[in-house]
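Working notes, structure below.
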Amino acid sequence: LPESMACRFYVATVLVETTIDLAIEGELFLRVREKMKADSQTDDGAQMATSRMPVYLSIFALAHVFQFVMAVDAVYARNTLQFICLTIFNALFLIYAIIQIKEIRDALVGASTPGVSNIPINVLTTIIPIVISVAEIAYIGLGWKIYHEFGWKVYKFLGADRRIKKMYANYQIYECLVKFDVFFWAGFSVQFIWLVLQDTDWEYYVTCAALPLSIVLLVEGHLAARHENKWMMATFMSGCVGAMVYFIYKLIKVLLYLGTDQYRLVWKSLTVFSVIAIALLFATFVFSIIILRNFGQGLKDARTHPSRLSAYLR
């Protein structure tokens, strides 16, 4: 456990938020599955509208798990920027949770199966944004406290050299971008595979193969920056360009066919994920150039120097 009380409260807040929301999402998931069974006996329109909800609920749950892992990682890595990004990420949660209220209520209209609990749908869908809102307030307050605590520790860790501190700040931004790339790449791919593509489509298998390869590429980007390997960074940057072309192609395709049955119910979510992924990729590419130019300038030695590292971790 971290020594800082602010960090402990931060991790505890994320854990409580994740636990409550996952429990509610699990309950809603069960009710949606029961509704899907009932809709299979009725019209195709109702079945199509309900069938997409389990994927959205699963992505929402995955986002909570991702947020918890990122919070623990931010505390361990002393990455102040990551706390700021997590606060923004949680705010996006809140927006999505509010949008999700109507979607879930519409999908479960007329459902008679209570699920594990007898709590009404209206109550369950209202609790989630309330929990996220309270957590958001806590993240802002605790994040401010942690920012000042870590600012002093980073000073002890790196010393007074402003050049090294600037390079370290760029390194933290780059690391944060790479980590968030993982979620939005995976989130888009999962939606595209399960909601749009059919297993008879060649694009289905290409997307399935691209998902694990993209994760490997992002890990390579992390290792390239950490060990200051120019060849790995060059490969990673080439992969970023290829990924940007891929997401731009997907975005254009979604917008061109948004009126068709294949995209009519999912184009908004796919558009949001693809736009964010493109923006993150562009930012990642820009910072990868900055990181590459900083290779051999002393940051690696400052990060790995035993005496400084021990002083930083105390």
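Here the Cβ of each residue, glycine as well, is placed from N, Cα and C on the backbone.
Note that TrEMBL annotation is computational and uncurated.
Note that the coordinates shown come from a computational prediction; the quantities given were computed from them, not determined experimentally.
Here TrEMBL flags 55-76, 83-101, 121-142, 173-196, 202-219, 231-249, 269-292 as transmembrane segment.
It is 173-196 that, among the stretches 55-76, 173-196, 231-249, forms the most Cβ pairs under 8 Å with the transmembrane segment (269-292). For the transmembrane segment (83-101), same-chain residues at least 6 beyond its ends with a Cβ under 8 Å from one of its own Cβ atoms are 10, 56, 60, 63-64, 67, 70-71, 74, 125-126, 128-129, 132-133, 135-136, 139-140, 143, 146-147, 176, 180.
For the transmembrane segment (202-219), same-chain residues at least 6 beyond its ends with a Cβ under 8 Å from one of its own Cβ atoms are 178, 181-182, 185-186, 189-190, 192-193, 236, 239, 243, 246.
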